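Colleague: Here you go, one structure.
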Amino acid sequence: MALEPDQASVDSITLFVALLSSCIVIGHLLEKNRWFNESITALAIGLCTGIIILFTTEGRSSHILVFDEELFFIYLLPPIIFNAGFQVKKKQFFRNFVMIILFGAVGTLISFVIVSIGTMQLFKKLDIGFLEIGDYLALGAIFSATDSVCTLQVLNQDETPLLYSVVFGEGVVNDATSIVLFNAIQKFDLSHITPSIFMEFIGNFLYFFITSTLLGVGVGLISAYIIKKLYMGRHSTDREVALMILMAYLSYMMAELFSLSSILTVFFCGIVMSHYTWHNVTESSRTTTKHAFATLSFISEIFIFLYVGMDALDIEKWSVVSKSPGTSVGVSSILLGLVLVGRAASVFPLSFISNLFKRSESDKFTFKQQVTIWWAGLMRGSVSVALAYNQFTRSGHTQLRGNAIMITSTITVVLFSTVVFGLLTKPLIRLLLPSNNLSSTVSSESFDAFPPKPMTDLPLIINGQTADPVAGSNTIPRPTSLRMLLATPANTVHYYWRKFDDSVMRPMFGGRGFAPFVPGSPTEPLLH
């Protein structure tokens, strides 16, 4: 009889793994119509399973695992964010880095302010119990975290590389910004905000961003240097694969250890490892790591949405809220409305500002593209749920009425936005962006599909046109570095970065064209 608790745990895990498998199978069967994706499928299966468990337990419980923030932040989130950095189209990401930071960081701050002030003013008209100013600010951070998975699954990054890279990059920076804001709110006493406290808050925010990025880059470079110098693949490909996986996870845990933004750290570690470390391992290890990281990320995402679906019917929280259903509906409606307004207030003004600094019409965001970016940020996902649990529950449980309303309202907004907005994403994107309209930047994306030319032969790209290094080279004077920087800052920075990368970084840390050569292990296979 003493083994019963262990047996219950085994039963729960067995059922959950079976549900994960069914999500993958059903998601595959529904893939062709593209109306449903794995996220919506996992939510639907989680809801159905929750209903069955409710009936079998006679209303005592709706899920088989208790939500644990440690499980989410320590085990499920790292592979998702790392794979995002590892698979990112680096050329497009850094070429559009300013726009990504503009939408991902500044846009998130705008949404944070609107949601925080909006809830502070509107919730006073509802009887939801006592909430402190820290709770309102936490709500701003919680509902500023977007989930653009559905939009990314519909967008074609070959047809719209600029739009795809902005939506993709913004999603990662947005999550990092929201979590940094949330952690900063918990550390500061914001009951009496003064100018000095506000400036300290901003300084702390920037410190998190910069140090977290540097830590991720540092760990990535260390892994590249170790594997390049030792070249373990000569003796064991298992060792170099294991080292890559462990170093990636080490970057995340080091950020947690130093109380930094682990999302930013592991994301930039993924970028650096794909640029240097990945090219230093053997061909078989490249294939293994690429698919291993993608698989771990995929399973983690399905796990999260499956649990959210089951937890949506948690009887403990709904029993508290059921005494005042009108209040719960009102809170959910207010939050959803503020999400819509906050997103619009950030995307459209920032797009206007971004367009002012672009000379070429083809590089400017059209109104339809702005609507697409706005729509991509309307869905809320697992990060919002995890932060809400962190703020309003203790060990996954809550008995306070105000906290229960916040949790159920968060789950309601996540379910509604993911399912309803997710189902409408495909027809909306097809209406706004017909698939036969290729982006003007598609040709630039093909750069990543070929090995880089020597920097002595690489022409400088100015205003989207490639200058011929031979024809007219004696008649057209070479512009100064300052003139090039002022005319096309992104292209100029990229040009000089490539020169520095080829002359300093790659000889030291390896990478494409600088990896050790072993017969039978080609040094130039492609990541993408």
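A Cβ is built for glycine as well, from the same backbone N, Cα and C atoms used for every other residue.
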Colleague: Which stretch does TrEMBL mark as transmembrane segment, out of 12-30, 240-258?
Modeller: 12-30
Colleague: Would you please say which range out of 166-184, 261-279 has the annotation transmembrane segment in TrEMBL?
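Modeller: Here TrEMBL associates transmembrane segment with the stretch 261-279.
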Colleague: Of the listed stretches (12-30, 205-227, 291-310, 330-352), which one yields the highest count of Cβ-Cβ distances below 8 Å with the transmembrane segment (373-392)?
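Modeller: Stretch with maximum Cβ contacts: 330-352.
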Colleague: Between 12-30, 42-59, 100-124, 205-227, 261-279, who has the most Cβ pairs under 8 Å to the transmembrane segment (404-424)?
Modeller: 42-59
Colleague: Any residues 6+ beyond the ends of the transmembrane segment (100-124) with a Cβ under 8 Å from its own?
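Modeller: Result: 93, 131, 133, 136-137, 139-141, 143-144, 165-166, 169-174, 176-178, 181, 209, 331, 334-335, 338-339, 341-343, 345-347, 350, 353-354, 373, 377.
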Colleague: When you scan the chain for residues with a C-beta under 8 Å from the transmembrane segment (205-227), skipping those not six or more beyond its ends, what do you find?
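Modeller: Same-chain residues near the transmembrane segment (205-227) but 6 or more away: 105, 176, 180-181, 183-184, 240, 243-244, 247-248, 250-251, 254-255, 258, 260-273, 276-277, 280-281, 508-511.
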Colleague: Quick one: find which recorded stretch in 12-30, 42-59, 71-88, 291-310 has the most Cβ pairs under 8 Å with the transmembrane segment (261-279).
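Modeller: Most contacts with the transmembrane segment (261-279): 71-88.
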